[in-house]
Amino acid sequence: MMWPPSLLLLLLLLRRGAQGKPSPDAGPHGQGRVHHAAPLSEAPHDDAHGNFQYDHEAFLGREVAKEFDQLTPEESQARLGRIVDRMDRAGDGDGWVSLAELRSWIAHTQQRHIRDSVSAAWNTYDTDRDGRVGWEELRNATYGHYEPGEEFHDVEDAETYKKMLARDERRFRVADQDGDSMATREELTAFLHPEEFPHMRDIVIAETLEDLDRNKDGYVQVEEYIADLYTAEPGEEEPAWVQTEREQFRDFRDLNKDGKLNGSEVGHWVLPPAQDQPLVEANHLLHESDTDKDGRLSKAEILGNWNMFVGSQATNYGEDLTRHHDEL
C-alpha cells in the first residue's frame, strides 16, 4: 500500500469542490498510513502446477502481463532474448545475467508506476519547460498564483491552506538535496513518493506525528492513535476492531512499552522493514533456470526456461519491447 499522497494532491481535490476536509489516510481503519512495498504480483506463486503468472508479472510488471497473449511463442522468445541482452548491457556486459542484474531488472520493472506518475506530474509542474521543476512552479501550479501577503485571501479556511503550503514547501526543501530550489526528476520523485527514499524517512515520520499528535507533546498516545482510526458517534458502541487496534498499539507499536509512540516507533510502524521482493524473485528465477549451477544465467539458459520468464498466446507476454528503451 502506498504512502498517502502529499497534502498538495489533497488540495487539488479540495479546490475542485470536494466537501469537507479529507482524511489524510486512504483505506480502512487508517491503514493507509503504513507503507508496504506493493506485491510483485497478486497471482498465486504456483510454479508446481505450471502456473507462471506470478513470475511473468514480477519480471515484466502486472500491466505489461495483459499484453502477453498477443504474441506467438516464437515472437515471445525473440523478445525475451532482447530483454536478456538489455539486462546484461545494463550491468557489466559480460554476456551473462548475474543475480544482481536480474534483481535490478525486476526492481526497475516494479518501479514503473512511480515513474509514470512522476512523468505526469512533471508535465503539470514544469510550466516553463526548462527540464526542472522549481518550487515556485510547483506552488503556483498547485495552489494558484498569489501576490505576497495575499495568499488564500479568496478561499475559506485560509489558515488550513497556509499550513498545507508550508508543509509541502518543507517536504520540497528536503527532497531538493542540492538546495537550489529546483527539483530534478529524481528530486521530484522523492517529493511525491518520499517513502521510497531513505533521506525522506524523517519527513514522513514528522508529517505523521503532526497529523496524530493532537496535544503536541511530541508523542502519539494510544487515544490519539485510536482517534485517527475511529470517531465514535453519540450512543454508538465501540466496534470490536477498535479494541483490537488498542492491543496492536500496546503489543506491537509501542516497542519500549511506555504507553506512547516516539518518532522511532512511528517510523517502525509507518515505514516497516521490508523484504527485498525483487531479490527473492531473482533468486527463484536463477535457481529454476541455472542448469549448470554456476550462479549466473546464460542467454541459452533463460531461453531454455522462457515460459517461466514470459509467455505467449497460451500464457502471456507484454509491451516491454514495444515501448521505447528510455521508457523502461
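All residue numbers here begin at 1 and follow the chain in the order shown.
Keep in mind that glycine also has a Cβ here, set from the backbone N, Cα and C atoms.
When the ranges 153-156, 265-268, 325-328 are checked against Swiss-Prot, the one recorded as motif 'Prevents secretion from ER' is 325-328. Around Asp176 (Ca(2+) 3 binding site), a 10 Å sphere centred on its CB holds 20 further CB atoms from the protein chains shown.
Once Cβ contacts within 10 Å are tallied over all protein chains shown, the binding-site residues Asp180, Asp254 are led by Asp254. DSSP gives Met182 (Ca(2+) 3 binding site) a strand state. Contact counts against the domain 'EF-hand 6' (277-312), taken as Cβ pairs under 8 Å, peak for 75-112 among the stretches 75-112, 113-148, 163-198, 200-235.
Within the group of recorded positions (Asn140, Asn256, Asn262), the Cβ with the highest number of other Cβ atoms inside 10 Å belongs to Asn262.
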